[in-house]
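Here is the structure we will look at, set down as structure tokens.
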Amino acid sequence: HLFLNSNIHRIQLLSILVLLPIVTEGEVIHLDESFGELLSPNFPQPYPDNVDKTWVINAPPANQVQVYFSQFSLEDSYDEDFGGACAYDYLRIDTGGENRTFCGNRLPASSRNPIISKDNLMIVKFFSDYSNDDPRPVGFRAHYVIADKDECSELEYARLHTTEDWDEVIYCNHHCINVPGSYYCTCRPGFQLHSNRHTCTATCQGQVLSGDSGFVASPDYPQHYSKLTDCDWTIQVREGLSLNVTLATLFDIEEHFNYTDCPYDWLKMTYSGRDRVYCGTNIPIAGVWTDLNTRTLRLDFHTDYAIERAGFNLTYQTIRIRCLEAPVLPNGIIHSQSSNSFYEFEDEVSFTCDTGYELVGESSITCLSNGRWSHLIPRCTIKSCGPPTNLLSVANSRIEGYSSLDLTYGDVATVVCNEWYTMSSGAAASWICANTSRWEAMEAGAVPVCNPECGEANMARHNLLGGHIAGGVSAGRNQFPWMVMLNFGINANVVGDRLCGASLISSRYVLTAAHCVTIERAYAPANTPREARHVHVWLGVHDRREDHNITIQTSARNVSILELYRHPLYNPNTFNYDVAILKLSEHVIMNDVIRPICLPYSNEDFARVRPHTYGEIIGWGKISPTKSAYILQHGNTSIVSNAQCTRRLNVLASRYSHIGQLVSGGFGITRNMFCAGSAYGSRGYTCQGDSGGPFMLQAPNGRYYVHGIVSFGFTSTLCGQSLAYSGYTMMNKDVVEWVHE
């Protein structure tokens, strides 16, 4: 009996029974309902003898028939002559290419494990022979259901259990999706479906890696890679870097033992114009870090349609191109952030020099991608200060050991004044070539000035008591090197009678009396200064006759003057401020016969001019009423008070009319004058021709200072007589300050 559900849609039955695998002559029942029962005749009563019944269950296309049993009891038999097991009564199920025969009391299939047709057709045949023993078997109750075909399971089963031509089995290697009447394959992310609609291949073509480090692995590594896959990766790093690669120890790519190359699956590495192909399980390049000495590597990975393996995993790092030329910097320091003993691409190195050295070149350089430095390696050269022009220009000096100086850092230039010169106070004698490339004073002070040594006589002092000019004691030869002779007129004449004395007070200036450079002729207006070209300066003169003889080597020297300056308050009638300065046309070089006398400058110096003080006088003036001296005369005289000098002046004025006229005209002894001589007459007395010469005092330090200038005498006929004094312009503070101006 067949129970059918009337609500189930009927499907058209197959009508051509001759195509069925089982051909029977008994009863045939065609079923096309979605589900139903198959019962042995008389079930649940024992089935009769000689039964031959067939059920043909036909499902729609792409569907399957599933059968399971809830009860089963058939005669169990075994007979070699009739085919072995189930020789008499049996139930035979044809699932489409496979026939299965059942008998006995064991259920052929349960609901959990049904018998499933291979396609949309299942044939069930029940057969009983002519007899059964008691107790007679009751037969069977079977259930069938038409279900959608599980193609995915079938494909998976075929993949797992096919042993012959296994490499031709088609299945979904990622995901299989059953749909009514069919199935389809899908892929995981990163994969795409091959044109065969079953195989998922990796999407790994044209990949470019440019980072300084990274890795490349076969798809799904370390799981099996995909079939029918072609991947390519290009690793290209920046210039200046080189690739360093290694492969993981798990390396497994299909190989064929009959071939020495890799005909199926393979990994190809291309770099530096070379190709290397690998497969199998031996790790390429020994699995250790290998410097490829290139910045570009191409990897090609190919798989065929068959075996899948774990694949590969390649890790890469970059090493930087080295600059092989190691910087060396004598006399300097190299600074680098690198802790290595070498330098590589993008390393920056900076340089500083030791104190006293300067960098020639760039202060920092960078290692370039080609293994060269961005600039030449600099060097430290010792700093040069160049010639110390400010020191070399110091007149009348030299730099000690100058020829042996390199004029570089650390050299010391010491200024030494020439003989007869002394360095000004507050000057720095020693200068060092400093780190600034300049000459700097080693101690605080200004650039030296070498001034002529003043007041240094050339020989020991004579005993001058009783000595005189107008009667004469000759001075030692060039004993007083500051003594100057002036002669006047168109031509210089060292033996002329028109002369005055003067004192050299520096290398450029001469001190004399203002009246010496004032014209006293009737044709000239009063108080007219002489023209500079008519004043002739003689230096180094001792014996005028010898110095006049050009055939004899002499120390005398004639120098012209550029300017002459009389004191602005000079009065030719009163001889007040009878002082003048002559500017020479050139600086005079000091030597053993030409040197200046000192000017007083301190209060102590000025205080030395007081009554009863003996001073020294020199000159070529008259030594008799009609005769001037040819050899420089030297004497001493005592200062008298201005009051005493005035009294003597008044006495003389009462006796001599020309002196009386001077006094009545305003002449008198002022604070800018002093007198020297003796009330009883003196042979240390100046006379005509001595004007402008110095009145000298020797200081405790042995130097001579000019404290007065020979200015006037009351008459030439009284030179050295009693009651007659010589008058001097006092070199007081006011006068000295004017001289310095």
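Cβ atoms are placed via backbone N, Cα and C, with glycine included.
What TrEMBL annotates here:
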type	residues	note
ACT_SITE	His515	active site, charge relay system
ACT_SITE	Asp578	active site, charge relay system
ACT_SITE	Ser691	active site, charge relay system
BINDING	Glu75, Asp89, Asp129, Ser131	Ca(2+) 1 binding site
BINDING	Glu254, Asp265, Asp304	Ca(2+) 3 binding site
DOMAIN	25-147	domain 'CUB'
DOMAIN	204-319	domain 'CUB'
DOMAIN	321-382	domain 'Sushi'
DOMAIN	383-452	domain 'Sushi'
DOMAIN	469-741	domain 'Peptidase S1'
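Among 25-147, 204-319, 469-741, 469-741 has the largest number of CB pairs under 8 A with the domain 'Sushi' (383-452). Across the structure, Ser131 (Ca(2+) 1 binding site) and Ser691 (active site, charge relay system) place their CA atoms 190 angstrom apart.
Break the domain 'Sushi' (321-382) down by DSSP state and the numbers are 0 helix, 28 strand, 34 coil.
Checked against Asp304 (Ca(2+) 3 binding site) by C-alpha proximity, the recorded positions Glu75, Asp129, His515, Asp578, Ser691 yield Glu75 as the nearest. Ranking the recorded positions Glu75, Asp129, Glu254, Asp265, Asp578 by Cα distance from Ser691 (active site, charge relay system) puts Asp578 first. Measuring Cα to Cα from Asp578 (active site, charge relay system), the recorded positions that fall within 10 Å are His515, out of Glu75, Asp89, Asp265, His515.
In this structure, Ser131 (Ca(2+) 1 binding site) belongs to neither helix nor strand by DSSP; it is coil. When Cβ atoms from all protein chains are considered, those within 10 Å of Asp129 (Ca(2+) 1 binding site) total 15, not counting its own. Of the listed binding-site residues, namely Glu254, Asp304, the sparsest Cβ surroundings within 10 Å are found at Asp304.
There are 26 other CB atoms within 10 A of the CB of Ser691 (active site, charge relay system), with all protein chains counted.
Considering only the recorded positions Glu254, Asp265, His515, Asp129 (Ca(2+) 1 binding site) has Glu254 as its nearest partner by CA-CA distance. Asp265 (Ca(2+) 3 binding site) sits 57 Å from Asp89 (Ca(2+) 1 binding site), taking the C-alpha atoms as the reference points.
In this structure, the recorded positions under consideration are Glu75, Asp265, Asp578, and the one with the smallest number of other Cβ atoms within 10 Å of its Cβ is Glu75. Note: the Ca(2+) 3 site is recorded as Glu254, Asp265, Asp304; in the same chain, Lys227, Ile253, Cys262, Tyr264, Trp266, Cys279, His302, Thr303, Ala306, Ile307, Arg309 also have Cβ atoms within 8 Å of that site's Cβ centroid.
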